[in-house]
């Protein structure tokens, strides 16, 4: 079947276009286009072949490679005026509320890389978007994301809408409304930030006051369909944003995918990098994750999980011992009595 599919794709008769008369020098042109290094002709290039080399990826593709530093963290570190806890919505009122573990009480947070805390993750993601807008290099944009040309509501858009940077509270309310209405998960918020930075890198645009809502909406729409098992339909977002049409949502999603070059893959290493960088961003801006004292029930659950992991590694160790033995892994060595002559 593989040979049949290859011959079908490579067959010039499989194209719906009508045949054309040969031109002078067509043989040379045809010979040039059959090179697999080009995207034209019958050859369909795999998405991994379009990735940049490692030396370029480290600089320009943080959403594709785990070794590249995230853009939002670098932009937040270049800003001398970090947001204080008082400027963040629904955050601890002051530094005195920070809790420390002691001999009698242990405080742990319920946010892990596999199950992040939803509320705290949305705050960190919107804070990253805020620094993207505030410390942008320029105002490069596309018409499909311009809110003046494609408004999300019937409210009047002022003429200077592209010159006023949105506050973090405004970005947080916009994202929180979408996540609450669509019942999206915290993992979806992290993937949203990955797609957002991938769009800015691939399309070479900036997120600015005139386009941030539609870019964020497109990233959330795509992340919800890729990550969640029960994806939200485009018409469901039209129920949340009453004045937007399904046709507009479809067109924006199509352009978003084309600008991403249909690369919607998020490796586990990239996801983990964005999670821990968001934790670092939270620490830099005095945004603490909720801490709770370790209760007896939760301690028993953690002990049960650790016991399962310990038994698993013991079984793996036994399987390895059956294959080969070494002096370091020998347990219970039987010693024989020495015979003196």
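The backbone N, Cα and C atoms fix where each Cβ goes, and this holds for glycine too.
All TrEMBL annotations are machine predictions without curation.
Within the listed segments 1-42, 43-84, TrEMBL records region 'Disordered' for the stretch 1-42. Across the domain 'Cyclin-like' (173-258), DSSP helix (H, G, I), strand (E, B) and coil residues number 64 helix, 0 strand, 22 coil.
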